[in-house]
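Q: So Swiss-Prot lists the following for this protein:
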- 492: active site, glycyl thioester intermediate (ACT_SITE)
- 406-700: domain 'NEL' (DOMAIN)
- 1-395: region 'Interaction with target proteins' (REGION)
- 396-403: region 'Linker' (REGION)
- 404-700: region 'E3 ubiquitin-protein ligase catalytic domain' (REGION)
- 217-238: repeat 'LRR 1' (REPEAT)
- 239-257: repeat 'LRR 2' (REPEAT)
- 258-279: repeat 'LRR 3' (REPEAT)
- 280-297: repeat 'LRR 4' (REPEAT)
- 298-319: repeat 'LRR 5' (REPEAT)
- 320-337: repeat 'LRR 6' (REPEAT)
- 338-360: repeat 'LRR 7' (REPEAT)
- 361-381: repeat 'LRR 8' (REPEAT)
């Protein structure tokens, strides 16, 4: 049986590849880029999938890794499924592409058990290890928390037949259609019992029940995505229980006193049993809970989002993370100074506890989507001052349900009237109204009519009309846009405006990739320049938001985009916003940002565009022989560099057969080959694009 363990490389990856660990974790970096791919109700599960994939826990099986990636893909809107790529170039190779089709995460699991996570130039390595040699009989069960054997092998021998009888009967009693799943689980339990593996993962096997007796020695039990209505008595030595995606599971049995981790999200739980005193990690999001039991003193992480809670119990002093968004909370209990992350967005909070101001400077607080007044927020800003606490909010206020109009009616308000004898342009949108997320897009169109742009910009209606015309002709772009609309129906005008900007950006990239600029290279470069400017502005906005104690990220981003629209020639950006005054962005910030973007573009755009996916697509169509020759050379360069590093680094250091060192030089060889590819591409791009790449801005 394979397990995963974290490893310390014998040769430092940073020393060979020159990579430094990012300030944010890989899953945080990736989530920021792909959040728009998912419906909001799937946010937490998608984030948990990412965390497990980036930091696999001991005991996770290769099949479970593959299923987690497939699950992540299934959680997206259909239009973004292709950005989550499974089994790419091999059996166990995966990657995630951002909205611009740029790779932001890759995960490789090879036959030797090497598990590598690559994210934005940083790599993290893990190993699969064999707990017992093939054919070797395990002489004792897994160690308990104290390091002692929970049960000797002689007891196993005496009890094995008894357990097998229970499991065999359970397998024979399977209802129609459930026999294959039960057979697989019985085999897994037998292997678990015979080999002493402490981890039992029953997988998504379509189970309606589990046998009355489980392997007694297990310390980790994983039961994902089945049809269970109840659980049997749990083994006394259980330390971790993960039971998720069982939508008929309404309650849990008594929990073992030594349980340290309980993940029971995406079920139908109406209540929780008494929690063990040593429980440190509790995740019960997306259930039907209306109240919580007393919290154990050892609790460090609490996730209760997506329930029907109106209040929370007293929180333990050691709590570090609390996620309780998407509930009905009207108040919060006192907060411990050690709390590092608090997310209570999308509740009904009208006031906040005084203890919130006593959190450490490293704390992050999310209050988005609560009916907090501007006066309350301003008072909070004055209180926290320069404490370093970062509080995120938005100007949306409480969510008010709003019924979507038929899509063709919402579209008709933006299109010009048909001439006599012509069919109304909006008529063809009746069929589009049956497509996924069409109702959300209808709401977006109606929300846009309430924005400052609609009220003050005479050309805004014509811009939207032109956009709708292309959407009507392009099913692929329409699907992506409709999917993005589900996150754009906020009651905050500026959030809808920001979402429109994101949709416009996707439109620009989509047009470039499908060939619109194959015969208009100047237009291709202009689109690339706009993407570069927006990316640079986003980084500037992120840095500015990081300096603000009370921050609405969207207002900060939108402030830079709107106010610099003309000076930076941003065609995808609108000219108006409502809440600039609460953004925290000053005139001097805007002046500095304009200069920073123009300077960066003059010096760095010609290098940046070499890695831009739409440019590669154009070159592959216009000069396929030369472009593909560069790709083939990249593969050859990788192989040559790997062999050279193997001889010069591994052999000379005595590290032959060291899998961590081999993986490290592999990353280094890949980076070297990519650099050679880009160097070769530069000459081709200079030849094809010519003067279009000269410095755009004249600076004093």
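Keep in mind that glycine also has a Cβ here, set from the backbone N, Cα and C atoms.
Since we're looking at a predicted model, the values are computed, not measured.
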Q: What are the helix, strand and coil residue counts for the repeat 'LRR 2' (239-257) according to DSSP?
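A: Secondary-structure breakdown of the repeat 'LRR 2' (239-257): 0 helix, 5 strand, 14 coil.
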Q: Restricting to the same chain and to residues at least six past its boundaries, which positions have a Cβ under 8 Å from a Cβ of the repeat 'LRR 7' (338-360)?
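A: Cβ under 8 Å, 6 or more out: 305, 315, 317-332, 366-372, 376, 380, 383-384, 387-389, 392, 398-399.
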Q: For the repeat 'LRR 4' (280-297), give me same-chain residues lying six or more residues beyond its boundaries with a C-beta closer than 8 angstroms to one of its C-beta atoms, as numbers and ranges.
A: 41, 44-45, 48, 250, 260-274, 303-319, 323
Q: Mind looking up the mean pLDDT for the repeat 'LRR 6' (320-337) in the predicted model?
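A: Averaged over the repeat 'LRR 6' (320-337), per-residue pLDDT gives 94.
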Q: Would you mind splitting the repeat 'LRR 8' (361-381) into helix, strand and coil residue counts from DSSP?
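A: Secondary-structure composition of the repeat 'LRR 8' (361-381): 8 helix, 3 strand, 10 coil.
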Q: What are the DSSP helix/strand/coil residue counts across the repeat 'LRR 6' (320-337)?
A: 0 helix, 3 strand, 15 coil
